[in-house]
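Below: the structure, in structure tokens.
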Amino acid sequence: MRLGLLSVALLFVGSSHLYSDHYSPSGRHRLGPSPEPAASSQQAEAVRKRLRRRREGGAHAEDCGTAPLKDVLQGSRIIGGTEAQAGAWPWVVSLQIKYGRVLVHVCGGTLVRERWVLTAAHCTKDASDPLMWTAVIGTNNIHGRYPHTKKIKIKAIIIHPNFILESYVNDIALFHLKKAVRYNDYIQPICLPFDVFQILDGNTKCFISGWGRTKEEGNATNILQDAEVHYISREMCNSERSYGGIIPNTSFCAGDEDGAFDTCRGDSGGPLMCYLPEYKRFFVMGITSYGHGCGRRGFPGVYIGPSFYQKWLTEHFFHASTQGILTINILRGQILIALCFVILLATT
């Protein structure tokens, strides 16, 4: 009789595992009630904001936007279209496709979570099968071999449902890694600009980085390049002398008016990284999308703003994390149920 009751109890516990924690995203810590005295209304509102940022994957959902080895604002990085130092941009990813036995760089990407890389949707126009892709993370030399560099297969590619290839509207995509990457001094996520009320202007310190061509008719490089750029007003970018009104509200321009610093072919999908002094962190304020040529006067690079896609991005982050938790809990439940049957058989 006792064994029978034990079996029923185990069945109850097993079934409860199917649903427990289902609504708690992976990698987040649920905050219980504080043992401190009742907080003021201002303190309560601050807590609510922090919790909301955690749920939505905001600026401080995890430590992000800092490079352990370098500090760009102290002049330790080479700026101006030259070689980036190792560890300078630990969130920059090389997205590669295998041709024969060789992996070839196709597009850039940005590590925003331990299993998520942000990139441009048009990078996948000729290769939408995730099995074709590999993410190379934690290197400035894509031909080098280093213990801190990781090569991870892609589990899924998620393209924005309203992406239009002809106009590059909604040119945003997510690569879901097959396994979580472990952070180190050379691999760190950048912050997403959610709940960050910062208007970009010409004084905001922003940087581009990638393995693309160093000039319009030149060759790609195996050494990561970087340069400082600045935001260019929508009025100037959409003027008749520039893009003539084709830049949508979800995109913007950055570079410089003379075209001295710009992204080029092979840099697509990589980040526009801006340092926000209020947070003392870097944020991915743009995704490299397209441009008219490379480095042409009056035609700066065009970037997609991730902040316009907060709902779409967070839905995928949350869905993937809860799906993983549910799978684990179902497995636990199945194991416990199997154990119950073993106990029942042993008592008959």
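Glycine is no exception: its Cβ is also placed from the backbone N, Cα and C atoms.
These figures come from a predicted structure and were not determined experimentally.
According to Swiss-Prot, the cysteine that forms a disulfide bond with Cys253, out of Cys237, Cys274, is Cys237. For Cys274, the cysteine that Swiss-Prot lists as its disulphide partner among Cys123, Cys191, Cys206, Cys340 is Cys206.
Partner cysteine of Cys123, as given in Swiss-Prot, is Cys107 (from among Cys64, Cys107, disulfide bond).
Cα of Asp171 (active site, charge relay system) to Cα of His122 (active site, charge relay system): a span of 6 Å. Between the C-alpha atoms of Asn249 (N-linked glycosylation site) and His122 (active site, charge relay system), the distance comes to 18 Å. The Cβ of His122 (active site, charge relay system) lies under 8 Å from the Cβ of Phe163, Leu165, Tyr168, Asp171, Ser268, Ser289, Tyr290, each of these being in the same chain and 6 or more residues away along the sequence. A coil conformation is recorded for Ser268 (active site, charge relay system) in the three-state DSSP classification, outside any helix or strand. The Cβ neighbour count for Ser268 (active site, charge relay system), using a 10 Å radius over every protein chain in view, is 27. On the 0 to 100 pLDDT scale, the domain 'Peptidase S1' (78-318) averages 88 in the predicted structure. Packing around Asn249 (N-linked glycosylation site) is summarised by its Cβ count: 8 other Cβ atoms lie within 10 angstroms of its Cβ, all protein chains included.
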